[in-house]
Amino acid sequence: MLGFTEGIFLVLTVTEFILGNLVNGFIVSVNGSHWFKSKKISLSDFIITSLALFRIFLLWIIFTDSLIIVFSYHTHDSGIRMQLIDVFWTFTNHFSIWLISCLSVFYCLKIATFSHPSFLWLKWRASRVVVGMLWGALVLSCVCTMSLMNEFKIYSALTGSRDTQNMTEYIRLKRHEYNLMHVLGNLWKIPSLIVSLIAYFLLLLSLGKHTQQMQKYSVGSRDQSAEAHRRAMRIILSFLLFFLFYFLSFVILSSSRFLPETKIARIIGVVITMSYLVGDSLILILGNNKLKQTFVAILPCECGHPKPGSKRFFAS
């Protein structure tokens, strides 16, 4: 019989799972149909579509893990099932994070304006820089996943072991090492976090300076343009906060192995992770001109607002 905590957790995960698939499925269907009709796709649309697709895979993996936590928690960390979930979760999550970093760099190079020679050199080669990052992200994700698979050699020695008086000190040490490697696995995510933070900071700095300059001439179309800049800054800040929120969830999930209430910590980490996969994708829709127009067009009622898309800071 499910307890109160497990029941609330199950309701939240089912809701987030459905919403996440709808939101990310919408992105894939809109960009995919446009790609199919026009036979071409912009780099930003390709990254956004790939990100949404990987997030759908990640939602299914996390939802499967959530069901195991609720209905069969005592077998959560045992057997080939755990290994498969860990491998697929690691690859899809790591590559998704790098896709976010690539998207932030692309927006930064396309939108921000700085006179530094190094920035201008990168700006003129924005597409090539981001494509190179995508290939590098794929390689790093594979390496990260392979390093995790090496951990299973340790895990195989621990299968069936329990904390009993007969357990040798060697087995205890190996189990601690296995858990520690899971925590240290978060170090693979630090480079992508640094890249994203730098890109978001530069983009906010550039938009902030440009907005201040435009406010001096806040009449007519320039006033509308300044307001569009402020909306873009709010979207970027939302991206950044959600991204930091996402990293917090993985710190909680990884550290849960060393916390007294392991199950509660995992539940909190999973809920935060799935919330991010829904919320951040919604921000992607609101920040993209084409996706936002299509989203508003399918709403069942008129909201009394003008059609979006007067300014295209995140449009493809």
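Any Cβ shown, glycine's included, is placed from N, Cα and C.
Record features, source Swiss-Prot:
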type     : residues : note
TOPO_DOM : 1-7      : topological domain 'Extracellular'
TRANSMEM : 8-28     : transmembrane segment
TOPO_DOM : 29-50    : topological domain 'Cytoplasmic'
TRANSMEM : 51-71    : transmembrane segment
TOPO_DOM : 72-86    : topological domain 'Extracellular'
TRANSMEM : 87-107   : transmembrane segment
TOPO_DOM : 108-128  : topological domain 'Cytoplasmic'
TRANSMEM : 129-149  : transmembrane segment
TOPO_DOM : 150-186  : topological domain 'Extracellular'
CARBOHYD : N166     : N-linked glycosylation site
TRANSMEM : 187-207  : transmembrane segment
TOPO_DOM : 208-234  : topological domain 'Cytoplasmic'
TRANSMEM : 235-255  : transmembrane segment
TOPO_DOM : 256-266  : topological domain 'Extracellular'
TRANSMEM : 267-287  : transmembrane segment
TOPO_DOM : 288-316  : topological domain 'Cytoplasmic'
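Same-chain residues lying 6+ beyond the ends of the transmembrane segment (267-287) with a Cβ under 8 Å from its Cβ atoms: 5, 9, 12-13, 16-17, 19-20, 23-24, 26-27, 48, 51-52, 55, 58-59, 62-63, 65-66, 69, 100, 232, 235, 238-239, 242-243, 245-246, 248-250, 252-253, 256, 295, 313-314. For the topological domain 'Cytoplasmic' (29-50), the DSSP-based tally of helix, strand and coil residues reads 18 helix, 0 strand, 4 coil.
Between the transmembrane segment (235-255) and the stretches 8-28, 87-107, 129-149, 187-207, Cβ pairs under 8 Å are most numerous for 187-207. Between the transmembrane segment (187-207) and the listed ranges 8-28, 87-107, 129-149, the one holding the most Cβ pairs under 8 Å is 87-107. Only residues 6 or more beyond the boundaries of the transmembrane segment (87-107), in the same chain, are considered here, and those with a CB under 8 A from a CB of the stretch are 43-44, 47-48, 50-51, 54-55, 57-58, 61-62, 65, 126, 129-130, 133-134, 136-138, 140-142, 144-145, 148-149, 185, 188-189, 192-193, 195-196, 199-200, 203, 239, 243, 246, 250, 280, 314. Under 8 Å from some Cβ of the transmembrane segment (129-149) lie the Cβ atoms of residues 43, 47, 86-87, 90-91, 94-95, 98-99, 101-102, 105-106, 109, 122, 185, 188, 191-192, all in the same chain and six or more residues away from its ends. Long-range Cβ contacts of the topological domain 'Cytoplasmic' (29-50) within its own chain (Cβ-Cβ under 8 Å, at least 6 residues beyond either end) map to 99, 102-103, 106-107, 127, 130-131, 134, 284, 288, 290-291, 294, 314, 316. Tertiary proximity for the topological domain 'Cytoplasmic' (108-128) is limited to same-chain residues at least six positions away from its ends with a CB under 8 Å from its CB atoms, namely 43, 199-200, 202-203, 205-207, 210, 232, 313. Per DSSP, the topological domain 'Cytoplasmic' (108-128) is made up of 15 helix, 0 strand, 6 coil.
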